[in-house]
Amino acid sequence: LKVVNKYSLTLFSFLIFSRKYSQSDRSNMGGAIVDTGNNNGKQYPGKLTCKVLWTCIVAASGGLIFGYDLGISGGVTSMDSFLKQFFPSVYAKESSVTLSDDQYCKFDSQILTLFTSSLYVAALVSSIGASKITRLLGRRVTMLWGGILFLCGAVLNASAQNVWMLIVGRLFLGFGIGCANQSVPIYVSEMAPSKYRGALNMLFQLTITIGILIANLLNYFFAKIEGGWGWRLSLGGAAVPALLIIAGSLTLPDTPNSLIERGKNEEAKDQLKKIRGVPNVDEEYNDLVNASEVSKQVKHPWRTLLTKKYRPQLVFAIGIPAFQQLTGMNVITFYAPVLFKTIGFGSSASLMSAVITGVVNVIATFVSILTVDKFGRRTLFLEGGIQMFICQAIITIAIALKFGVSGNPGVLPTWYAYGLVFFICVYVAGFAWSWGPLGWLVPSEIFPLEVRSAAQSVNVSVNMIFTFAIAQVFTAMLCHLKFGLFIFFAIFVIIMTVFIYKLLPETKGVPIEEMAVVWREHPYWKLYVEEEEVQVVPQSLEMV
């Protein structure tokens, strides 16, 4: 463990080293230039310690369960043995060799998509309940329950004998993912020093991409097992990341924010000294205590979140996760093997193509870790949006020229299919260093303590609602919209890029409990925040 800590710290220090040499911490915020490094007047003492790095890595491993499921479901639904046993009508269409068949509609089955998307309804429900657990019992307890529920789902799916047993197993997986996605981003954001928060929080997205890659690799090899039972190993393999998060949550310490929120102030101060690596943490500790006092005055965080003062946070708690799904990336992730089969690859080749996109996803996430605290969140959002739009336009034209509206490409040249895979990989890279990790980072760092758990639940719930909707209707949309499906997502990429450019302030380097300053200095959001503060100040003075 000491060797791992030593070399992990060395590697991570290298990744974030370049931040010290950035020329400026200024970012254009919808026409206003704001110094995000010093505009709050505070820089807490502290360094990147082995303890905080290790705890963030262990906590972020909660992303493995989400990533593994994203990768495994699409691969399993392209395995002939799985389709033959549970979805024979889909198998009959998929295995047809008639050249006149419409390739767009081979996988159009609402029961098949229900297998994939039912998980996200469960995740939506559990994320709302997890908000209460996170606030009352701490972030780590929520992670523990996430691992236990996910483990139950893995066992059910691996032993499934019929479709409804599969779907019940998926519901348990969803309950686990809802708990993990609600608690892990908050945990990492609260543990991390402000100047390294972006890179550390992106470890969550990194583990999601690693989970996807591992799932794609396992699908490729398990599909080759004779006897047609490899899909059971793929689905049962979800038990491994579940056990990892269970073990990790049992060993992790609580965050100082959570300890103070539950009245354990002295323990919180000791913990803060350990994770910051300095003896004097009074300034940060006092700010955390003050934030907690404000939080305790809020008896109904869900109702409070709807007040005008928190309008900026609420807009991004809804907008960012919705737009993250409307990039179309999860369609690629869910159904990469199915999509590659549709554009002309065989069963094994389609699984290998999904592995390739998985590798690109992981590598591009490392790029995001390297650059997020140097160039800022806005820059990555905007660049990623432009890159995804260009790739979607090229993919649309390529599929339209070859498949047309009939869905019959005839004989698809190998070079043509590989060209499509190349542009899909460039698209995946654009997502993986922008909307992928930032979709979890930005919402988790902008919420004040008094509404943090409720707002994160909104974030996860919206994410799961849109994930469910897109997963459920994707094959039907592919069947009816044909190549226009990519036009559909490209339009939303344009909208979300303008949304970020106009409304999102830069948050890099701002301590998490001092985030209110970026809203006060934003040319649009200050109209909401300042007006609310004017109303509150006289009441505060009267109380004093």
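The chain as shown is numbered from 1 upward.
Note that Cβ sites are derived from N, Cα and C of the backbone, with glycine treated the same way.
Curation plays no part in TrEMBL annotations; they are all automatic predictions.
For 52-72 (among others), the entry in TrEMBL reads transmembrane segment.
What TrEMBL lists as domain 'Major facilitator superfamily (MFS) profile' is 55-508.
Marked as transmembrane segment by TrEMBL: 111-130 (among others).
Same-chain residues lying 6+ beyond the ends of the transmembrane segment (142-160) with a Cβ under 8 Å from its Cβ atoms: 59, 62, 65, 86, 126, 130, 133-134, 166, 168-180, 182-184, 187, 232-233, 235-239, 241-246, 248-250, 252. Residues or ranges marked as transmembrane segment by TrEMBL: 142-160 (among others).
Look at TrEMBL and you will find 166-188 (among others) tagged as transmembrane segment.
According to TrEMBL, the transmembrane segment annotation covers 200-223 (among others).
The transmembrane segment annotation in TrEMBL covers 229-252 (among others). Here the transmembrane segment (229-252) has Cβ contacts under 8 Å with residues 55, 58-59, 61-62, 64-65, 68-69, 72, 75-76, 79, 81-82, 140-141, 143-144, 146-148, 150-151, 153-155, 157-160, 169, 173, 176, 180, 187, 211, 215, 218-219, 221-223 of the same chain, all six or more residues outside its ends.
Feature annotation from TrEMBL assigns transmembrane segment to 314-336 (among others).
Annotation source TrEMBL lists transmembrane segment at 348-372 (among others). Within its own chain, the transmembrane segment (348-372) is flanked in space by residues 15-16, 18, 71, 74-75, 78, 198-199, 202-203, 205-206, 209-210, 212-213, 215-217, 219-220, 223-224, 332, 336-341, 379-380, 421, 424-425, 428-434, 436-438, 441, 508, which lie at least six positions past its ends and keep a Cβ under 8 Å from the stretch.
Residues 103-104, 327-328, 343, 409, 412, 416, 419-420, 423-424, 426-427, 429-431, 433-435, 482-484, 486-487, 489-490, 493-494, 496-497, 500 of the same chain sit 6 or more residues outside the transmembrane segment (384-403) yet have a Cβ under 8 Å from a Cβ within it. Taken from TrEMBL, the feature transmembrane segment covers 384-403 (among others).
Under the heading transmembrane segment, TrEMBL lists 415-436 (among others). Under 8 Å from some Cβ of the transmembrane segment (415-436) lie the Cβ atoms of residues 205, 208-209, 323-324, 327, 329, 332, 340, 343-345, 353, 356-357, 360-365, 367-368, 371, 380-381, 383-388, 391-392, 394-395, 398-399, 402, 496, all in the same chain and six or more residues away from its ends.
What TrEMBL records for 457-477 (among others) is transmembrane segment. Within its own chain, the transmembrane segment (457-477) has Cβ neighbours under 8 Å at 107-110, 112-114, 116-117, 120-121, 123-124, 127-128, 130-131, 174, 178, 181-182, 305, 314, 317-318, 320-322, 324-326, 328, 330-331, 334-335, 338, 439, 443-444, 485, 488, counting only residues six or more beyond its boundaries.
Annotated transmembrane segment per TrEMBL: 483-504 (among others), in sequence order.
Against the transmembrane segment (52-72), stretch 200-223 shows more Cβ pairs under 8 Å than any other of 111-130, 166-188, 200-223.
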